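A.B. asks: The structure under discussion is supplied below as structure tokens; questions concerning it will follow.
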């Protein structure tokens, strides 16, 4: 049974749209936990477009589940992670022009530099996950980097047309099995919604799904606690048959 990590970046997006103080993502994280979130995920971007350093400091002091820090593989971010001591760091690719993360890390091309950062964080007691596309080459490179976890990028599945979703789901299933055969633990996320999450949640071996935008969008209608509860039910009790095919 997969657990649910709730990404609260989009709450901070609303605040930053007006450059004001509300909504504050810190108390919203508490509401997400009260709704059943097993962890809180935030992405501290280099341009600070949504989550701010102040948010991260306060979240570390207040989150009672698990705090997963998504960040670019840079010296600045490694220094912040070493200071904050999140429960996990997920290294993600980052481009200033993108609206959201557009793909997985090219671990195979950056294996040398990533290994140094992975070692530095894990020696300090912080488990490291690498956000990767569901491709064997990247999984093998992730293993060689010394990371203990991968987070599979589910964007291709989430964005696929009806006819292609079964193919993308098979890729995720195969990638999960391959990662586990290497000794890696597996999370997944990106683009998952109330409509498409169950098939991914049913994949044996995926331990946690990180989901944000759809929960925050749903919360406008039903409130954050209820939106998290609804997603938690789908993640923990998925239909075993996909809605397509």
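Note: Cβ is positioned from N, Cα and C throughout, glycine not excepted.
Positions annotated as 3-amino-2-oxopropyl phosphate binding site by Swiss-Prot, on the basis of sequence analysis: 7, 18, 191, 212, 213. If you look up Swiss-Prot, you'll see 9, 10, 45, 50, 100 marked as 1-deoxy-D-xylulose 5-phosphate binding site. If you look up Swiss-Prot, you'll see 43, 70 marked as active site, proton acceptor. Taken from Swiss-Prot, the feature site 'Transition state stabilizer' applies to 151, supported by sequence analysis. Here Swiss-Prot flags 190 as active site, proton donor, drawing on sequence analysis.
Give me the lay of the land around each of these features.
C.D. replies: Neighbour count (other Cβ atoms within 10 Å of the Cβ, all protein chains): 16 for residue 213 (3-amino-2-oxopropyl phosphate binding site). According to DSSP, residue 213 (3-amino-2-oxopropyl phosphate binding site) is assigned to a helical segment.
Residues within less than 8 Å, Cβ to Cβ, of residue 45 (1-deoxy-D-xylulose 5-phosphate binding site) and separated from it by at least 6 positions along the same chain comprise 51, 72, 94.
Packing around residue 43 (active site, proton acceptor) is summarised by its Cβ count: 22 other Cβ atoms lie within 10 angstroms of its Cβ, all protein chains included.
All protein chains shown were included, and the count of other CB atoms within 10 Å of the CB of residue 70 (active site, proton acceptor) stands at 26. Residue 70 (active site, proton acceptor) falls within a strand segment according to DSSP.
Annotation for residue 151 (site 'Transition state stabilizer'): same-chain Cβ neighbours under 8 Å, separated by at least 6 residues, are 90, 129, 130, 131, 132, 186, 187, 188, 189, 210.
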A.B. asks: Inside 10 Å of the Cβ of residue 191 (3-amino-2-oxopropyl phosphate binding site), count up the other Cβ atoms and send me the figure.
C.D. replies: 20
A.B. asks: Any idea what DSSP makes of residue 151 (site 'Transition state stabilizer'), helix, strand or coil?
C.D. replies: strand
A.B. asks: Given residue 70 (active site, proton acceptor) and residue 43 (active site, proton acceptor), what distance in Å do their CA atoms have, once rounded to a whole number?
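C.D. replies: Residue 43 (active site, proton acceptor) has its Cα 4 Å from the Cα of residue 70 (active site, proton acceptor).
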A.B. asks: C-alpha of residue 9 (1-deoxy-D-xylulose 5-phosphate binding site) to C-alpha of residue 43 (active site, proton acceptor): distance in Å?
C.D. replies: 7
